[in-house]
Amino acid sequence: MASSHTVLMRLVASAYSIAQKAGTIVRCVIAEGDLGIVQKTSATDLQTKADRLVQMSICSSLARKFPKLTIIGEEDLPPGEVDQELIEDGQWEEILKQPCPSQYSAIKEEDLVVWVDPLDGTKEYTEGLLDNVTVLIGIAYEGKAIAGIINQPYYNYQAGPDAALGRTIWGVLGLGAFGFQLKEAPAGKHIITTTRSHSNQLVTDCISAMNPDTVLRVGGAGNKIIQLIEGKASAYVFASPGCKKWDTCAPEVILHAVGGKLTDIHGNALQYNKEVKHMNSAGVLAALRNYEYYASHVPESVKNALIP
């Protein structure tokens, strides 16, 4: 019975099923051939039909089941009736079998803030770089990201017709992260992943100071954190404003649950309470291992230019 499970684990189990449905919606929009692209603030800040439908699906599905939640989504959508086909009311039973970490067992619905990025890597989505795309649902308590779900709609899309398309990664602090194979980047190598479409001199200066062996430029914050946990990159460095709370909330949980660290460029933890400003104005610095190496190499000039 649902009542025997904690609010947090019921929410995570529901968000998992909702994220899977979101992945299906993302694939359907591509298959139909009309992305419905709208330019928001610039040529690199885009919104598609998938962004709109997925946000409606996630936010409405969560709000129906958990009416006291605070839900903050990336897209500014007009209120209105949501098509019943977009509603997902299932929950992933495997998650309900897991124990809730004791520090979260008494959390109430109204204590939680959910940060939603319906399509992280929208620009890449419009350009056919489908492996960059993720759906992000992050859950915060007392300003801290404590649970997260990442759906990769096109995971395996280049692995041949017999490969299962898409996957969902999830994690809860104090419990762990699941749905992927943890792998560390090669020891002694500094492989840095950073922005593909929002670079500037600060970003370049910060990365150069870290003596990188390789620099990967890819889309999506969720995608970059997946690179860290799967050993494709050693650090994620973005010394610039631009990234928002819905970009980092879910990925941060997955990284922290396996022993990594994500902060702003100054080393401060990011805050996720409902009143906080949405922009991560002091950038992002993350690593699975050896975080201190990267933090110690951030130039003072870069820190001085980025005010938290």
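Just so you know, glycine gets a Cβ as well, placed from its N, Cα and C.
Since we're looking at a predicted model, the values are computed, not measured.
Matching Asp213, Asp247 to the Mg(2+) 2 binding residues that Swiss-Prot gives (Asp117, Asp120) identifies Asp247. Site annotation for Mg(2+) 1 in Swiss-Prot covers Asp117, Leu119, and the matching candidate from Glu32, Glu74, Glu184 is Glu74. According to Swiss-Prot, the listed position annotated as N6-succinyllysine out of Lys40, Lys65, Lys244 is Lys244. Around Gly220 (AMP binding site), a 10 Å sphere centred on its CB holds 29 further CB atoms from the protein chains shown. Same-chain residues with CB within 8 A of the center of the Thr195, His198, Gly220, Lys224 CB atoms, the AMP site residues themselves not counted, are Gly121, Thr194, Arg196, Ser197, Val218, Gly219, Ala221, Asn223, Phe238, Cys243. A gap of 5 Å separates the Cα atoms of Leu119 (Mg(2+) 1 binding site) and Asp51 (active site, proton acceptor). Neighbour count (other Cβ atoms within 10 Å of the Cβ, all protein chains): 23 for Glu74 (Mg(2+) 3 binding site).
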